[in-house]
Amino acid sequence: MSVLLETSLGDIVIDLHTELAPRSCTNFLKLCSKHYYKLNAFFRVEKDFLAQTGDPSNTGKGGASIWSQLPSTSQDSSTSTYFTPESSDGQLKHLKKGTVSFACFRKHVQGADEDGEGGSCELLAGSQFFVTLKDELDYLDGRHAPFGMVVEGHEPGGTLDKINHAFTDDQKRPLRDIRIRHVVVLEDPFADPDGFCAPSRSPSPTPCQVRALRLADDEDVHSDVDPASKEEMRRNADTNAAALTLEMVGDLPFAEIRPPENILFVCKLNPVTRSDDLELIFSRFGKILSCEVIKDKKTGDSLQYAFIEFDKKDDAERAYFKMQNVLVDDRRIWVDFSQSVSRLHGDWVKKRNAGSDAPRAHYQSGADEQSVDSYRPNAGGYQKRGDDRRHDRRDQPTARGDTSSWHSRQDSERSYRESNDDTRDRSNKRSRRHHDDVPQQSRSRSERHDSHRDHERHHLSRHVRPSDEGESKCRYEAHSHTRHDEHTRRHDSSSTAARRDEDRRSERSRHDRDRDRDRDRDRDREREHRRRTEDRRRHDDRQRSRDGSRR
């Protein structure tokens, strides 16, 4: 008791309530078997309300039941275009998104007023039906006849959501046609009415349907645009989408962020060129707020590129045009505008945290913790407070699209360095404690030995004869030297064992990190292989279903 509707926006599978609404389900199933709904358009789509179709004329005024289309010789034929659907007595309601109902109208019986009071009224329906696009539409109960529920296509981002977000005109009709391309009856438990004959093939579009065509779902709206403009539009759309994604994940303060226009990037410098020299050369173009040649943190060697921040945008532009390919310290330098927004992001994070510390990576790169700069664009350009300190910009991404991958790479490298630093600090502390404890123990032992030696010397001076005093003194000194040599050997052996243990722990931690890295790499490869296999399988299934529908 299921029907598959293949629409231009995706597939919809409907389960029918054959026990609660047998007459409505019979009408719907036989119309589907007759391909009555093929190429019907959703002529009425109201956001978060309903999507209506089932009228071959696509006007909302046509459509007929299956019994009115039977031959006149049939026992089940009816002269009326409409039929009376069942009343479910409150068992079927419009409570969930995806409820399928026949669009009904009231027929007033004699003695009833316009509101249906003072007499009796009955609901009549033809072929038009609608699908609800929201939960809890209980005010439709008693006015229309539910007979099914969407079981596939109602998930978030599915076909119903695509229909719900379609652009419509003033008459609530989608600007781009949403049509039922094909109908497949998966299961039909009802017998065919007398005189019913299903067509042998899918019928061709009627002239009425052709005249009602608007903008086809596969028609290119930019067909009159030249390829260059179309490519530019595509690139702009991709750039805006990527920037919006970075803003949502927190990598950018806002999607429209732009690099500062008063900062120049200078590269191909001589390793001997210093920040003061570069500032002196560029200062003839205007006031310089900061000039820094980026250096390696460990060795202190120049990385041969620098950032120069001018007070005004015009000064930076003049320096850009005048200093391009100029010889500085026997090197032809290259000047360009800075494309980095990392400092802007760090300042934004600091403001968002309402005075709390900015991310550690931001301060490690040289940013000032006491000042907050404003780089949002306004009529006068980017503004900045007087701060001459610039942070380290090496390995910064030059393209906006690489910001997310660069941040993830920097985070992994930073965590690796911090783990090594913590291990090194712990080992240094242990070695310092060991070296500090050993002299203290030696001093305490030497003090005890000195007191014991003085006591023995005093005892010998009192009880030993003068002739034996020299021999006893030599014997005591030899014993003291022997104990001192033994203590020295013990100290050396303990220090060697401590160093050996520390080297063994460092080697074990390095092997653990290598093993974890290899395991993560194998897991990523396996996940990528599974994803590709699943994509290939879905593509093959889609191709087979498309070939089957063509046949």
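Glycine is no exception: its Cβ is also placed from the backbone N, Cα and C atoms.
Using a Cβ-Cβ cut-off under 8 Å and counting only residues 6 or more beyond its ends in the same chain, the compositional bias 'Polar residues' (66-88) has close neighbours at 20-24, 26-27, 30-31, 34, 36, 102, 104, 122-126, 145-147, 193-196. Taken from Swiss-Prot, the feature compositional bias 'Polar residues' applies to 66-88.
Feature annotation from Swiss-Prot assigns compositional bias 'Basic and acidic residues' to 384-397 (among others).
What Swiss-Prot records for 408-454 (among others) is compositional bias 'Basic and acidic residues'.
Look at Swiss-Prot and you will find 455-464 tagged as compositional bias 'Basic residues'.
Taken from Swiss-Prot, the feature compositional bias 'Basic and acidic residues' applies to 465-551 (among others).
Annotation comment: Swiss-Prot describes 1-185 as domain 'PPIase cyclophilin-type'.
Residues or ranges marked as domain 'RRM' in Swiss-Prot: 262-340.
Residues of the region 'Disordered' (54-88) grouped by DSSP class, helix first, strand second and coil last, total 3 helix, 1 strand, 31 coil. What Swiss-Prot records for 54-88 (among others) is region 'Disordered'.
Taken from Swiss-Prot, the feature region 'Disordered' covers 352-551 (among others).
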DSSP-assigned states of the domain 'RRM' (262-340) in counts, ordered helix, strand, coil: 21 helix, 30 strand, 28 coil
Local confidence of the prediction over the domain 'PPIase cyclophilin-type' (1-185), expressed as mean pLDDT: 87
